[in-house]
Amino acid sequence: MDKCKHVGRLRLAQDHSILNPQKWHCVDCNTTESVWACLSCSHVACGRYIEEHALRHFQDSKHPLALEVNELYVFCYLCDDYVLNDNTTGDLKLLRSTLSAIKSQNYDCTTRSGRTLRSMVSADDSFISHEGAQAFLQNEDRAFTALWHRRHALLGKVFRSWFALTPKGKQRLEEERLREEAEHKREEARKRRQQLKHKLKEEMESTPPRKSSRLQQQIQPSPKIESSSVQKMNQKNAPSTKQNPPAPTSDKARLKKIGNSPIKRKPTVTPGVTGLRNLGNTCYMNSILQILSHLHVFRECFLQLDLNQTQELLAADGSGKTRLSSKYPPGAELPRVTQKHTKGQRSLARRPSFSLGLSGGASNSRNMELIQPKEPSSKHISLCHELHTLFQVMWSGKWALVSPFAMLHSVWRLIPAFHGYAQQDAQEFLCELLDKVQQELETTGTRYPALIPTSQRKLIRQVLNVVNNIFHGQLLSQVTCLVCDHKSNTIEPFWDLSLEFPERYHFSGKATASQRPCLLTEMLAKFTETEALEGKIYACDQCNKAQKQLMVCRLPQVLRLHLKRFRWSGRNHREKIGVHVRFDQMLNMEPYCCRESTAALRADCFIYDLSSVVMHHGKGFGSGHYTAFCYNPEGGFWVHCNDSKLHSCAVEEVCKAQAYILFYTQRVTQENGHLSERLPLHDSPQSPPP
C-alpha cells in the first residue's frame, strides 16, 4: 500500500524493545522465524504463518502496525497490507537504518559530501559497553533458575505428601522403618565392638612391659605423651557412648528423609538440561553448542582443558617472551584449574561454588562472573577456554538458564563472518568453530613448548587428537575405466557427509517437486552411487570412458550427515527443500563402505545410534529458526533445545523432525572392538539405546 493513514499517527518511542537484539524472538513460542515487533508497544511475536501470536496481539490490543525484525517490512493489520510510506518525521526509515546497524554492528554513516563518520565506540567495544544489560540478563538467569528450584521443591513436597497416603507409599514407609531399626542394631553392635577394643587396649597398656621393651625404650626414648593417659583424658571429656535408643521417627519425617537422601536424590536440574539465552538471532550458535556439549568425549576433553592459564603464561608480555614465576620453575607442573593463585593474581577457579546460589538463595556476584565473564581477562581470546567454562555451567546440574555472552564475544572476535546479529547458517558455524578450535590447540601446543608444563602439553595433544578424529573419516574415490577396467583410487578425508536430495525434489517453475517423504538411506545411496564421467576428464592411455564412485573406507566415531536443503533458485535466491526425511534411531553404514577397506571390521562397527538432530524451521536460507534434539545420557531421555526453553520428549517426536544436520554415534569402534573406546579421555561416550 502506497499510503497508509495509520502510519501518520505513529509515535515511536526512542527506547523501543526492538532495539535490543535479545528481544528478537517470539515472547510466546521463542522462535526467531518471521518475528514481528509491534510499533505501538514493546510486544514481539511470530507471524500468522507460524503460531499467529502477533495477530493475536493485534486482536487483543488493536495496535495496527508491526515491523518484521529481519526483513524490515512494515505491515498494517487494519489495512491488511504492507506499508510503503513513512510518517512526517521519518521514523520508519530511521528505525530500519538503526536495526541494520545493530544487526551488522557497523555504526559508520556517510554524509552528503561523501565523508564517513565513525562511531566513537567500535563494534567490539559496543558489546562490552552494555554491562548493565548483561548484568540484568545474568540476574534474570539467576532468578529463572531459583524459580525452577522452587517449583521442583514444592512439587516434591506435594508428591511426598500424596505418596504417603498410597498403598505403595505406606509400604515404602514400613520398609524404611525396618531399615532404620536394622541400621540402629548395627550401630549398637559397632559401638559395643569399639568399647571392647578400647578396654583390651587399656589392659595391654597397663601391664608391665617386658625387659627387651624396657631396654629398647631406654635406648630410644619417645618424647610423646603416653597414649594411655591421653585416651583416659579423652574418655573423661567425651560423652558417654551408652545412649538411649533414638525416638521412633514419624511417617512424615521418615518420608521426608527418603526424599532428602543424598544417595537417592538427583539434582533438581538434570546435568546438561541448561538453556542458552538467545542474545539476538543466536539460535544457530545455541543449537550447535548444545549438540557439542552432549557429545560425551568432546565435552569431557574441554571440561579438563582450560587454555586460559596457558595463554596468559605465553602472553605475559607483548613480545611473546615470558618468564615463569620462581614458584613455578620451567618443567614444573602448574596448579590445576580448580586451584587458586597466590594473592594479587586472578583466581582460576572456574567451577563456581553454588553453596548458597540458586537453590532458593542468592549467589554472590563473583560466582556469576565465573560463569560467562563479560570480557575475557586476557587479550588473547580463547574459544577453548569459553567452551570449558560454558560446559562446566551446563553440566553442573545447578543452572536452568545461562546467557553465553563471553562465547558470543569470542566468536565475534575470532570468526568475523559471524559478527553481528544477522541470521547465520548452523552448518557453516559448526565447521568454522571446529576449525578455529583446532587452530588454537595446534598453535598453543607448538608455541614455546619449553614454557608449557609437560602434563599440559600432553593434555593439549589428547584434546587435539579428539577434535581431529571425532568427526574424521575417509572416503575412497574410485575411478574405473569402462574399456580396460583399470581402477584409480584416491583417499580423501571428510568431517561430514553433505547429502543431496534426489532429482525429483529439485523441480522448479511449472514442474511441481515431489512432496513424498525422502529416506535417509536413499540419500546415502545417491551419495555413493556410480557416476559417469563425460568428456575428456579422465585419460587412461587410449581410453577415455570412465565412471566414478565414492565409498567410505574409514568410519568416524561421530558421523555428521548434512542434508543439503537449500538450493539456488535464480541468480541470488536460495530456497529450501522442505520435504520430510525419514531417519531411524539406528543406521547401518555397511552398504556405503568399501568392502576391501572394511573387510576386517566386525559387523557391529558399522552400526550407528542417533545422538543429536539440528532442525531448521522456516522457508528460506536467510531466515528461520534453529533448534536441536539431544539425547541426555544423565537422564536417559531426549531433550528439545529451543534456546532458553528446554523440555523432554519421546524419540518418536525426534524422528518426525525436519532434520538439517544428523549426528550418529558409532556403537563399537573399529580399533579394538570395544564400546566407544577410541579416544583416550575418561569414560566412553554413552549412546542412546537402539
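For all residues, glycine too, the Cβ spot is worked out from N, Cα and C.
The feature zinc finger is assigned by Swiss-Prot to 2-99, with sequence analysis given as support.
When other Cβ atoms within 10 Å of the Cβ of Cys76 (Zn(2+) 1 binding site) are tallied across all protein chains shown, the result is 19. Secondary structure at Cys76 (Zn(2+) 1 binding site), as computed by DSSP, is strand. Per Swiss-Prot, the feature Zn(2+) 1 binding site maps to Cys4, His6, Cys76, Cys79.
The Zn(2+) 2 binding site annotation in Swiss-Prot covers Cys26, Cys29, Cys46, His53 and rests on sequence analysis. For Cys26 (Zn(2+) 2 binding site), the same-chain residues lying six or more positions away in sequence with a CB closer than 8 A to its CB are Thr32, Val35, Val44, Ala45, Cys46, Ile50, Glu51, His53.
Residues or ranges marked as Zn(2+) 3 binding site in Swiss-Prot: Cys38, Cys41, His57, His63. In this structure, Cys38 (Zn(2+) 3 binding site) is part of a beta strand by DSSP. Less than 8 angstroms from the CB of Cys38 (Zn(2+) 3 binding site) sit Val44, Ala45, Ala54, His57, Phe58, Ser61, His63, Leu65, Ala66, each of them six or more residues away in the same chain.
What Swiss-Prot lists as compositional bias 'Basic and acidic residues' is 173-190. Per DSSP, the secondary structure of the compositional bias 'Basic and acidic residues' (173-190) breaks down as 18 helix, 0 strand, 0 coil.
The region 'Disordered' annotation in Swiss-Prot covers 173-272 (among others).
According to Swiss-Prot, the compositional bias 'Polar residues' annotation covers 214-244.
According to Swiss-Prot, the feature active site, nucleophile maps to Cys283, an assignment based on sequence analysis. Within the same chain, residues at least six positions away from Cys283 (active site, nucleophile) with a Cβ under 8 Å of its Cβ are His25, Thr32, His625, Tyr626, Thr627, Asp643.
Residues or ranges marked as region 'Disordered' in Swiss-Prot: 319-366 (among others).
All chains included, 27 other C-beta atoms sit within 10 angstroms of the C-beta of His625 (active site, proton acceptor). Taken from Swiss-Prot, the feature active site, proton acceptor covers His625.
Model confidence over the zinc finger (2-99) stands at 85, taken as the mean pLDDT rounded to a whole number. Rounded to a whole number, the distance between the Cα atoms of Cys76 (Zn(2+) 1 binding site) and Cys41 (Zn(2+) 3 binding site) is 15 Å. When the binding-site residues Cys4, His6, Cys76, Cys79 are ranked by how far their Cα is from the Cα of Cys29 (Zn(2+) 2 binding site), Cys76 comes first.
For the binding-site residues shown (His6, His57), fewest C-beta neighbours within 10 angstroms: His6. Neighbour density around each Cβ, counted as other Cβ atoms within 10 Å, peaks among the binding-site residues Cys29, Cys46 at Cys46. When DSSP labels each residue, the zinc finger (2-99) comes out as 27 helix, 16 strand, 55 coil, counted as helix, strand and coil in that order.
Compute the center of the Cβ atoms of Cys26, Cys29, Cys46, His53, which mark the site for Zn(2+) 2; besides them, the chain residues with Cβ within 8 Å of that center are His25, Val27, Asp28, Asn30, Thr31, Val35, Ala45, Ile50, Glu51, Ala54. Sparsest Cβ environment among the binding-site residues Cys4, Cys41, Cys79 (other Cβ atoms counted within 10 Å): Cys41. Mapped onto three states, the DSSP output places Cys283 (active site, nucleophile) in helix.
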